[in-house]
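What follows is a single structure, written as structure tokens, with notes after it.
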Ligand SMILES: C[S@@+](CC[C@H](N)C(=O)[O-])C[C@H]1O[C@@H](n2cnc3c(N)ncnc32)[C@H](O)[C@@H]1O
């Protein structure tokens with residue numbers, strides 16, 4: 001067993017990316033050297049004797065455990081991006097802005113034989129994302145620090161998929177056709193409904209096809225001894241607008 005691994009106990013979990021030093025948990029301190037020689041499913045104890053179980057690190061942990069700079073896209077929306085664009089594992093993807101790199105990481109993981117070019121204008125966020133990609137062992141991501149519109153102007157390649165989660169998304173739609181392969185998809189995520197409408201109308205004006213705009217609501221269930229009911233908390237995150245360039 002090699003790092004990274006996840007130490008988990010009920011609702012608490014910690015990403016461990018090296019088997020040295022000490023981890024401060026809610027239940028005491030774990031000496032991480034004790035993880036050497038152990039296996040997934042084994043337990044390790046804090047200095048107070050509380051047990052944590054060792055689990056393998058997997059893509060679900062990108063969202064749970066990556067360090068955060070900018071607000072990331074949530075897994076429910078990432079799942080829709082992958083399914084509605086029919087992402088195949090040998091795609092060339094343009095992603096902007098990188099933010100914490102959570103969307104870029106999922107895209108890279110499910111695009112094993114392809115590559116993700118991700119662009120972020122803030123060097124401090126790009127640095128956080130770079131550390132996250134390193135922790136996850138993702139090697140098929142190329143990071144560019146700069147303005148996505150300027151970067152797109154300088155590119156000579158065509159992409160299968162463009163994902164935008166940044167300011168200036170409407171302006172980017174004007175450029176998108178120049179860097180998309182015929183048949184390629186574009187998806188824009190924006191937390192504001194007015195912006196999503198502008199993006200949709202701009203895609204329509206620019207001749208993109210198969211347009212769809214929607215919001216996905218996650219509604220949790222409160223499962224209690226007396227019964228199960230819908231939680232009153234609704235998870236609004238953002239609006240997704242999809243389009244396709246058909247040449
Ligand atoms: C909401 S965050 C993206 C989160 C990311 N999708 C994730 O899952 O972690 C938006 C990011 O876009 C960046 N950004 C905004 N305008 C940009 C531009 N024109 N070019 C590149 N990055 C930009 C911001 O600095 C910010 O980090």
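Residue numbers in this text run from 1 along the chain shown.
Cβ from N, Cα, C; glycine included.
Unlike curated records, TrEMBL annotations are generated automatically.
Taken from TrEMBL as is:
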{"type": "BINDING", "residues": "100, 101, 102, 103, 120, 165", "note": "S-adenosyl-L-methionine binding site"}
If you count other C-beta atoms within 10 angstroms, which of the binding-site residues 102, 103 is the most crowded?
103
Set of same-chain residues at least 6 away whose C-beta sits under 8 angstroms from residue 100 (S-adenosyl-L-methionine binding site):
66, 67, 68, 69, 70, 71, 72, 125, 128, 129, 132
Taking 10 A as the limit, how many CB atoms besides its own sit near the CB of residue 165 (S-adenosyl-L-methionine binding site)?
25
Residues satisfying Cβ distance under 8 Å from residue 101 (S-adenosyl-L-methionine binding site), sequence separation of at least 6:
66, 118, 128, 129, 130, 132, 133, 141
